[in-house]
Amino acid sequence: MCMAHDRHGLWKIGITHILNAAHGKKHCQGCHNFYGATMDYHGVPANDLPTFDISPYFYPSADYIHKALNTPGARIFVHCAVGVSRSASLVLAYLMIYHHFTLVDAIRKVKENRAIAQNRTALQKIGITHILNAAHSKQGSIGDQSFYGSKFVYCGIPADDSTHFDLNIYFRPAAEFIHKALKQTDGKILVHCIMGMSRSSTLVLAYLMLYHRLPLCNAIKKVIQKRAIYPNRNFLALLLDLDLQLRRKQKTCLLL
């Protein structure tokens, strides 16, 4: 799910202003024309590179955030491609400039408030009915069936984002959970982990391969149209094995 590209979803949760820290970059569709007259847009064409100097945008971005938050009824969404570097840097700068936080306090504040997976009210507003947590019980991940209650169906997978974790034993159970959720009337699922780049994306890729019969390459292309992903090399190897298994099975069926 790429929230920044879901205009209806943003409208439903009351977003009025968009600050895109990856304006004009790959996987970021946003611009004034994309959001239209219903949302105020501000784009920062930052690259997520060690050589990119984002500091010239600190004060203009902080001013934009400040003005948005001081507009009656306004609500701002700050994003980039993944939401962990460029956008976070601009929010930290805003807290330091306008709220006089130290950097350490600003980081602590952002970490406390940014996780959509732990915001049950926001999830309900955008119509989420099912939660697949690929980092169940891991540090930084809050959530189980008792946390979400009866309003959500929860599935937890205790995966480690490591080069030795055998995630493939969860490919089919996770794919089945996603499939059943999307088959339900008004079913809408959030698949997440900690960063949303490796564990959760691997399970979504496996789902597309198993239920939509997409080759791994096509599944990756489909997902990166919506958001940036970065499965670790171990998970990619497991997905390649799944890809080979499915191709062999398909060839066998054709021969029969």
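Glycine residues also receive a Cβ, built from the backbone N, Cα and C atoms like all the rest.
Nobody curates TrEMBL annotations by hand; they come from automatic prediction.
Annotated features, as they stand in TrEMBL:
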- 56-114: domain 'Tyrosine specific protein phosphatases' (DOMAIN)
- 100-248: domain 'Tyrosine-protein phosphatase' (DOMAIN)
- 169-227: domain 'Tyrosine specific protein phosphatases' (DOMAIN)
- Cys193: active site, phosphocysteine intermediate (ACT_SITE)
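Around the Cβ of Cys193 (active site, phosphocysteine intermediate), 24 further Cβ atoms fall within 10 Å across all displayed protein chains.
The residues of the domain 'Tyrosine specific protein phosphatases' (56-114), classed with DSSP into helix (H, G, I), strand (E, B) and coil, number 38 helix, 4 strand, 17 coil. Per-class residue totals from DSSP over the domain 'Tyrosine specific protein phosphatases' (169-227), listed helix then strand then coil: 37 helix, 4 strand, 18 coil. In the predicted model, the domain 'Tyrosine-protein phosphatase' (100-248) shows an average pLDDT of 91.
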